[in-house]
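> Taken from TrEMBL, the feature S-adenosyl-L-methionine binding site covers Cys159, Ala160, Ala161, Pro162, Gly163, Ser164, Lys165, Asp190, Asp217, Asp243. The annotation active site, nucleophile is assigned in TrEMBL to Cys296. Taken from TrEMBL, the feature region 'Disordered' applies to 410-476, 685-772. The compositional bias 'Polar residues' annotation in TrEMBL covers 428-440. For 685-702, 709-722, the entry in TrEMBL reads compositional bias 'Basic and acidic residues'.
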Amino acid sequence: GGGVFLQAWAGGYPEIVKENELFERYYRELGIVPAGEWDAFMAALREPLPATLRITGYRSHAKEILHCLKEKYFKELQDLEVDGQKVEMPQSLSWYPEELAWHTNLSRKILRKSPQLEKFHQFLVSETECGNISRQEAVSMIPPLLLNISPHHKILDMCAAPGSKTAQLIEMLHADMNVPFPKGFVIANDVDNKRCYLLVHQAKRLNSPCIMVVNHDASSIPNLQIDVDGRKEILFYDRILCDVPCSGDGTMRKNIDVWKKWTTQNSLQLHGLQLRIATRGVEQLAEGGRMVYSTCSLNPIENEAVIASLLEKSQGALELADVSSELPGLKRMPGITKWKVMLKDGQWFEEWKDVPSNRQTQIRPTMFPVKDEEKLKAMNLERCLRILPHHQNTGGFFVAVLIKKSPMPWNKRQPKVHQKLPQRTGDTEVTATNSDNGSDCITEETILAENEESKKMQGLQNSDTEQSRKEGVCGPPPSKKMKLFGFKEDPFVFLPEDDPLFLPIQKFYALDPSFPKMNLLTRTQEGKKRQLYMVSKELRNVLLNNSEKMKVINTGIKVWSRNSDGEQFGCAFRLAQEGIYTLYPFIHARIINVCIEDVKILLTQENPFLSKFSSETQKKVKDMAMGSVVLKYDPDPEKPGDLQCPIVLCGWQGKTSLRAFVPKNERLHYLRMMGVEVFKAKRKEEELENKTEEEVQHKLAQTEEGMDVEDKEHDLVTKMEAEIGEESSQSPVESSAMEIENKIEDFNQSDKNATTHISKESKGTNTSNVKD
């Protein structure tokens, strides 16, 4: 959390020479910058990037955070001077809807120099930790916006880590907060097992039952099947985000080592992969669906060349959408139609026939522009978007929006699901090289089987064991290779229709008859079920029908946790805060409506006596049995000064006390929104924490009933985020898998976890509490 943020808001880098002669020669020659703007373009690239942030989370909530930022923090900065210099106010990005994205030039040096700024900075760090603000590069916010998402869309995010764009997609699914289970879902994929955990972490902050994180090679991601009225059908997506790995030369302002390392070689190496991923994407797109292809590169080899080859291969099945009227205020350049290919030694090639045979593996025909003027015109390449750094002080970026009008020519007959896989003979295997001649022989079924792994997967594809489906078990694929790294994932087991576990829960919380109990799952096949998770009905369909071919890393939100104390009061499961907004609409008992003063007490005091609450609250509690409760705050429109968004907290009612179970960051967040001053001088607080940390850990060890894998991962992921930083999905250079592997081990040994709660009455300190 904090550490990453500090670096990100920094201007100070070790001195590096921001020069690269080949870079300048290449892009000058290609003419990607309008006449007369070259110097401005280069100057912008040499300046550090302004820090940008996006207010995340769901609508009503995000509006409150925005209100707090503008009315409180920005107001305090208004006339602030540091070292005789007026502090520059953060600005909202004009093209981002509803003022939910901002950029600021405040550097770390300045942040340290003034108490007001220090306060603002702490606000940013803390809100980032609980996921209400996300540090995201401005240009990276564009692709999700151009997907035009509705809550019923089935969405695939092909190369999703580290997950800022995925978070945007999830938020759009939940545009209407009153619908706990939108019909759509997001399947977020990444090829790197380690970075899938970053995705899980990002998505967790949004507590959505409609997201699943999977781990596949995007260029051969398997076809999924779903059950449609008893028939098996292939799942086609309404929207696909195809944000491919790229050379990242649009990120030089942030990743300054690109200055040293840049050559044309990267693009030449990535072009084939990018084209394969994009091709695999459009194959899985529904007719009428939209796919957004994006890179943070300026290079036409990774951009227009990929789009042009895709359009050519599609023989009219795809077209570029004209998005010139979308995102008004965003300055953009049109896609280019003419370019050349350059080797890293500086020699240029104008067309494929000029390439000597010894260079023909490095340079491919799909890298060259289309010669035929008619054909070129019909492609409308100018409809692509190019974002140049000097036009609005951003990184460089490329986006293309594709619409699918009919099946891909090589998929004209939509395949039958259970057809036998074609036998392959010797050299007819489709690889990057011969997919260049436009006569692809890929069918939806035979997906580019680039590597042994996907061939193995194909063997498994139809051997989904009926048995395990009947039991509602969806285990990981039985492929040996997959178990070598990362955590071994537990299976996802849906609660049987008649599970005796559920009855007391239903009774205790008076769940609505419409409650979709079919969608409850656990992560253990045998033994005590400790946690109950929930997915939407649509994701349940996906999980149950694809267990053999899909490597699921995580899905579902936690809705109940086992709590042995509860048993004596009639229910062994207490509500979990992360799933409460999903569950709340179905709960008809155990709800206590609280006023704003009550909320403040609940969030600032350890285990407050009932006598501290308002008389209404005391009355309500009198007639209730002990155990898990819902604490609900509804805003009073008559008092616009008070918090104006509803809050639902999980709590515990004891004999003489009432407490909330809310992770510390979330507590601080709600208090801040209510205008309670939570800013503490750092040092004291840390000493306090360290002192109590050990006692608390000791008590936790005795009382907690066993923790989730995810909880263990939390710290690890925060560490990883600090190392990886945003947008690194674009960089082909990965951090060493082994290092991270070892860190996972260390963290598993020393579980430090601030959001573990103890449900024992009065005894025990709760780490998640605000220090009084």
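Placed from the backbone N, Cα and C atoms, the Cβ positions cover glycine too.
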> I'm trying to understand the geometry here, so how far is the Cα atom of Gly163 (S-adenosyl-L-methionine binding site) from the Cα atom of the residue listed as 'active site, nucleophile', in Å to the nearest whole number?
15
> Quick one: Cα separation, Asp217 (S-adenosyl-L-methionine binding site) versus the residue listed as 'active site, nucleophile', in Å?
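The residue listed as 'active site, nucleophile' has its Cα 20 Å from the Cα of Asp217 (S-adenosyl-L-methionine binding site).
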> Near Ala161 (S-adenosyl-L-methionine binding site), how many other Cβ atoms are within 10 Å of its Cβ?
27
> Measuring Cα to Cα, tell me the gap between Cys159 (S-adenosyl-L-methionine binding site) and Cys296 (active site, nucleophile) in whole angstrom.
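So the Cα of Cys296 (active site, nucleophile) lies 13 Å away from that of Cys159 (S-adenosyl-L-methionine binding site).
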